[in-house]
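Reviewing the structure listed below.
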C-alpha cells in the first residue's frame, strides 16, 4: 500500500516579523541610518558639529555611505534573494538579529567617531564591521556552495573584495596612510556599483515585464512583451567596467580609464534601449529604476571626458557622486520600495502614494550634487539642498514602509 508522506518540518519562527527575513530589518536599519548619517554630515559641513576624528572627515562620510548604508542594503537584498536563487534557507530570527546587531553597533560607533580621536573605539568598530560582513558573506557563500550555483561566483567574489576593501581602509587609518584609505574607498564604491550592475541586469527585465503586462489589480492587460539580456552587452559591460577600475584606481591613466568607461557607457545605453517600453513611465516603481540605471550610466561620462576638460572643475568627484547618488541612492530606494512590497505579499502595482515624491526627491538630491554645480551658484548651497532632499526621501521611505516591513506577510506565509 502506498502512503502519502508529507513534509512535517516545523514552520520557521522568529521573535518579531521584522526578523523573518533579511530585507526587513536591514531595509529599515539602512533607511534610518541614511537619515542620521546625512544629518550629521550636514552638521559637520555647516560647522555645527566640529569633526575631531583621526582621519579626513570626507573619508568618514564616504566610509559610512559605502560600508554603512550601501552594504546594509546589499545585505538585506542578498539575504533575501539568495534564498530564491538557491532554494537554501537564509538567516532569520535571532541569527539574523545577531548579524544586524553587529552592523548596528559598528554604525553607532562610527557616528560617535566624528567627535573623538579614540583608536579604541575605531578598533571595536573594526571588529563589529568584520563580524557583520563576515556573517553576511558566509551565509551567501554557504547557500551558493550547497546549491552548486557557479553562476553566482561574481557575487561571491564582490562580497569577498568588499571585505578586503574595508580591511584595507581600517589599515590605512591605523597606519595614517591616506593613499590606502582613498584606494579602499574608491575601490569599494566601484565594487558596490559592480554589484548594482549585476543585480540590475538580473532583475530589471523581470520587474519591467511583471510591471507593465498587468493592470493595477494584477490582471493581464494584453501587453505581451519579452525582455532579453544580451551576452555581448554583458561582456562589454564587464570588460569596460573592470578596465575602468584598473586604469582609474591603480594605473592612474585617465585616457585608458576614459576609453574603458566609454565601452561601459555604450553597453549600458544599449541595455536601456533593449529594456525600454513606453508603459514604464506610468509606473513609479519602474521609472525610478530606469532613471537610476540611466543616471549611473551617465555618471560614467564624467570619467569619459575627464582627460579633455578644464581641471579646475573636479570632474572626477562629480562622477563619483553621480555613481553614488544614482547607482546607490536612487537605485537602492527604488529597489527597496519594490522588494518590500513583493516579499511581504502586497500588491506591487499599488505602492504607497508617497513613492513618486520619494523618487523625485532622491533624483533632486543627485542633480543638485552632481549637475547643478557645473552651472555656477554657491557650491555649498547645492550640497545643502542635496542633503536635505536625501533626508526627506528616506524620511518618506520610513513613513511609508516601516509599518509594512514590521508586519507579517499578508498571505500568512513566513518571510
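Cβ coordinates are placed from backbone N, Cα and C, and glycine is handled just like the others.
The model shown is predicted, which means the values in this text are computed figures rather than measured ones.
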Legend entry - Which listed span TrEMBL calls transmembrane segment, if the choices are 1-19, 153-171: 153-171
Legend entry - Chain residues in Cβ proximity to the transmembrane segment (183-200) (below 8 Å; excluding those fewer than six residues from its ends, i.e. six or more beyond): 59, 62-63, 66-67, 70-71, 74, 77, 81, 154-155, 158, 161-162, 165-166, 168-169, 172, 237, 241, 244-245, 248-250, 268, 289, 293, 296, 320, 323-324, 327-328, 331, 335
Inset, instruction - Test the contact criterion for the transmembrane segment (153-171) and the transmembrane segment (232-250): 3 or more CB pairs under 8 Å, pairs 6 or more apart in sequence, then answer yes or no. - result: no
Inset, instruction - Name the range, of those listed as 65-82, 119-141, 232-250, 285-306, 357-376, that has the largest tally of Cβ pairs under 8 Å with the transmembrane segment (94-113). - result: 119-141
Legend entry - Cβ-Cβ under 8 Å with the transmembrane segment (232-250): same-chain residues at least 6 beyond its ends: 183, 186-187, 190, 193-194, 197, 201, 256-257, 259-268, 270-271, 274, 300, 303
